[in-house]
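So that you can see what the record holds, here are the features copied from TrEMBL:
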- 31-370: domain 'G-protein coupled receptors family 1 profile' (DOMAIN)
- 16-40: transmembrane segment (TRANSMEM)
- 52-74: transmembrane segment (TRANSMEM)
- 94-113: transmembrane segment (TRANSMEM)
- 133-149: transmembrane segment (TRANSMEM)
- 169-191: transmembrane segment (TRANSMEM)
- 211-234: transmembrane segment (TRANSMEM)
- 254-277: transmembrane segment (TRANSMEM)
- 308-330: transmembrane segment (TRANSMEM)
- 350-373: transmembrane segment (TRANSMEM)
Amino acid sequence: MSTSSATKYEIIESNLNRYFCIILLILGTFGNTCNICIFIRPKLRPIPCSWYFLASTCANFIALYMGCLTRVLTTFNIGPQTTIALAIYCKTRSYLIYGSLSLSIWLIIGACIDRWASSCRNTRIRSFSNVKIAKRVIIGLTFIIYLIYGQMFYCFNGTYDSTSANCFTLIYGSLSLSIWLIIGACIDRWASSCRNTRIRSFSNVKIAKRVIIGLTFIIYLIYGQMFYCFNGTYDSTSANCFTISAICQWYNSFALFFTYSFFPCLLMLIFGSLTICNVRRSQQRLTPTQNILLKMQNNKKKTPKQMAIMLFVQVICSIILSLPISIQNIYSQITINNEKSYDQQRIEEILDTLFVLVSLMNSSISFYIFTLTGQIFREELKKFLFCKFRIPLRSS
């Protein structure tokens, strides 16, 4: 290993952490702020899916700043300076990022289930697509996700090595939360498309709020172990976070796989497909008279349909951005006992950093996805801007 080679790898990783994260911070701060302003508007508040999007945006904010801002500060040698401070930093940062990323994903899953329920023919299923249930699901998911990651307060530790602070174990609490919020939105759209009135009843704002609260609780509960599994110590002149045992490493890899990457993606695909099938079946069974009535009702159902389109594009992007980190995680576990050269180790570390940043893109791009795919979102954005800055609206 030459000094020039080591310096080259450090420069590449430092530039990735600095410039990539600055771009994500700028785009994400603007986009997430606009998301919050739009989804709290009166026209979107009665829709359960919008509550999942709103909660997912809040989780994305946590993931964005804990995942990107801390990396940027580290490149300027701004970080914890004592062993105790490093331990607190590693545990808290890892816990919040793991939990928030997972929660965001699971809230989107909740939205998918809500859309499926609202599209069901069964009235019992449709009844679950409402705001009351959405709020309960959000609370429950939040509790479970953060409970799962609570082990990070034990499993994560930190040492100083080289010239900056880095985490050895990937940190995805907030991303997991973001993904599960998207899953919640998928379920909401499925419920709203069901013929079963019972399933459709679950697609409402009340249920969406409950799901958001539940998801937040569960995701951060899962990642609570980080306060035990992660810690921080000094070695040489820089700080690194790492898990304190092999058991903690395997647990975090397992939790990441099932709360952020593979399992959430599978659920989003399932409920997204069920929603599409419900909509197609309902259209095929319509008589000519019913088709006329359907056209007359299109304006009333325009907003939920637009939300469904926004959701499906968000699901596709979430799957694409979350898969690389899961593949990398599987590879790391399979090759953990293999002997690797210095160059191979550093290249894998750079790829780890890149895949983490790709995952964090989930926390920055939702606003731009909604703007490109949702006409109702663009309309509400225009109304918000015109009202905020008192710009006269031209009539076309």
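Every residue, even glycine, has its Cβ placed from backbone N, Cα and C.
TrEMBL labels come from automatic prediction, so no person has curated them.
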Recorded stretch that, among 52-74, 94-113, 254-277, 308-330, 350-373, has the most CB pairs under 8 Å to the transmembrane segment (133-149):
94-113
Averaging pLDDT over all residues of the domain 'G-protein coupled receptors family 1 profile' (31-370) gives 75
Spatial neighbours of the transmembrane segment (308-330) far in sequence, C-beta under 8 Å, 6+ residues away:
49, 53, 105, 108, 111-112, 115, 170, 172, 175, 178-179, 182, 185-186, 189, 192-193, 253, 256-257, 260-262, 264-265, 268-269, 272, 275, 351-352, 355-356, 358-359, 361-362, 365-366, 369-370, 372-374, 377
Comparing 52-74, 94-113, 254-277, 350-373 for Cβ pairs under 8 Å with the transmembrane segment (16-40), the winner is 52-74
Which of 52-74, 94-113, 350-373 has the most Cβ pairs closer than 8 Å to the transmembrane segment (254-277)?
94-113
